[in-house]
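Colleague: Dropping the structure in here first, questions after.
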Amino acid sequence: MAAASGLQPRLLSSFAGDRLLPSRLPLPHLFGYKTGGGHHVSMRFSRALSGLTNLVFNRRIVEEVPNAKRKRLLPGKLSPRRPVPDNILKPPYVDSRQSPGISSGAEVHDEMGIECMRASGRLAAQVLQYAGTLVKPGVKTDEIDEAVHQMIIENGAYPSPLGYGGFPKSVCTSVNECICHGIPDSRELEDGDIINIDVTVYLNGYHGDTSATFFCGDVSDSARKLVQVTKECLDKAISICAPRVELKKIGKTIHDHADRHRYGVVRTFVGHGVGRVFHADPVVLHYRNREGGRMKLNQTFTIEPMLTMGSINPVMWDDDWTVVTEDGSLSAQFEHTILITEGGAEILTQC
């Protein structure tokens, strides 16, 4: 852990690229995994030490994991990248050699844009709902990716994560202590696992982004409570959204509820504007903060709290994506894309 002590915290979107586009936000609040030097983001080691990170955190004895019946999460084998038909509209970052960044400016839509966002959000919700039905002991996370990929392209959309900053799959599958960005692989789900499935689709030029945490088989009461409270945090945060409301109220609402149940709130990853681009202003913090900014009518953004049973410090694997809790404690996440309306907020990513 000493090797990470000198690293400065960074706030990341749930998908962050290697380069940053101009933004009005101060540097610590920009989205991005790499800062241009040999060191990476909060709790991430230099590349020279990343193998040591995996050695230390993935080979702990079972007794060191909060749930003694659960083994530490380990990476599996990856299947080849799945193809997308040429006739499907792809986001600009797919064909560009440049890594994506963050777009400056809020995603505020006209009537046509709102309808496009509703369509992409609805499809994302349907795909997520279907993916959740596949969660059973013995199912490989790669099999979930295959099913999600097929459903998205059959509906004329592109799976937004595929090719984003080098991400190799069409969906994120984050199991147990994985906070986010788990890469689907050959690992089979086990009885008692919890798994967050994060789906984003690009339909007719607009992204719809959503995630939920699902139970696999017989899940412990403590894990169920963590998942329930995380969902409640999201619901409570959405309920306070409306035009001119301060964005910082989202973080306070989430943090207050998590505190009542003694769960940690991950600070490194944030919600974000979404629409014509995958990631845009504003940064949506899930913890108490003093940031400025207010919600705008017809604006779309995500809220995606991540709660943990223990440490909120993330450690990144050698794959440059998978992020796990420092102490192996369970983590859960829920996410919706919302539209700010005159009456409050419309959830776009629900069936």
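Note that the numbers count up from 1, one per residue, in the order the chain is shown.
Any Cβ shown, glycine's included, is placed from N, Cα and C.
Pulled these features from TrEMBL for this protein:
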{"type": "BINDING", "residues": "His181, His279", "note": "substrate binding site"}
{"type": "BINDING", "residues": "Asp198, Asp209, Glu335", "note": "divalent metal cation 1 binding site"}
{"type": "BINDING", "residues": "Asp209, His272, Glu304, Glu335", "note": "divalent metal cation 2 binding site"}
{"type": "DOMAIN", "residues": "115-342", "note": "domain 'Peptidase M24'"}
{"type": "REGION", "residues": "75-105", "note": "region 'Disordered'"}
Colleague: For His181 (substrate binding site), which of the binding-site residues Asp198, Asp209, His272, Glu304, Glu335 has the nearest Cα in space?
Modeller: Asp198
Colleague: From the Cα of His272 (divalent metal cation 2 binding site) across to the Cα of Glu335 (divalent metal cation 1 binding site), what is the distance in angstrom?
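Modeller: The Cα atom of Glu335 (divalent metal cation 1 binding site) is 11 Å away from the Cα atom of His272 (divalent metal cation 2 binding site).
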Colleague: Using a 10 Å radius around each Cβ and all protein chains in view, which of these binding-site residues has the most neighbours: Asp198, Asp209, Glu304, Glu335?
Modeller: Asp209
Colleague: How does the region 'Disordered' (75-105) divide up by DSSP, counting helix, then strand, then coil residues?
Modeller: 4 helix, 3 strand, 24 coil
Colleague: Please identify, among the binding-site residues Asp198, Asp209, His272, Glu304, the one with the smallest Cα-Cα distance to His279 (substrate binding site).
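Modeller: Nearest in space to His279 (substrate binding site), counting only the binding-site residues, is His272.
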Colleague: So what's the mean pLDDT when you look at the domain 'Peptidase M24' (115-342)?
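Modeller: Over the domain 'Peptidase M24' (115-342), the predicted model scores a mean pLDDT of 97.
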Colleague: Within 10 Å of the Cβ of His272 (divalent metal cation 2 binding site), how many other Cβ atoms can be counted across all chains shown?
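Modeller: Counting Cβ neighbours of His272 (divalent metal cation 2 binding site) within 10 Å gives 28.
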Colleague: What's the number of neighbouring CB atoms sitting within 10 A of the CB on His181 (substrate binding site)?
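Modeller: Result for His181 (substrate binding site): 27 other Cβ atoms within 10 Å.
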Colleague: Would you count the other C-beta atoms found within 10 angstroms of the C-beta of His279 (substrate binding site) for me?
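Modeller: For His279 (substrate binding site), the 10 Å Cβ neighbour count is 29.
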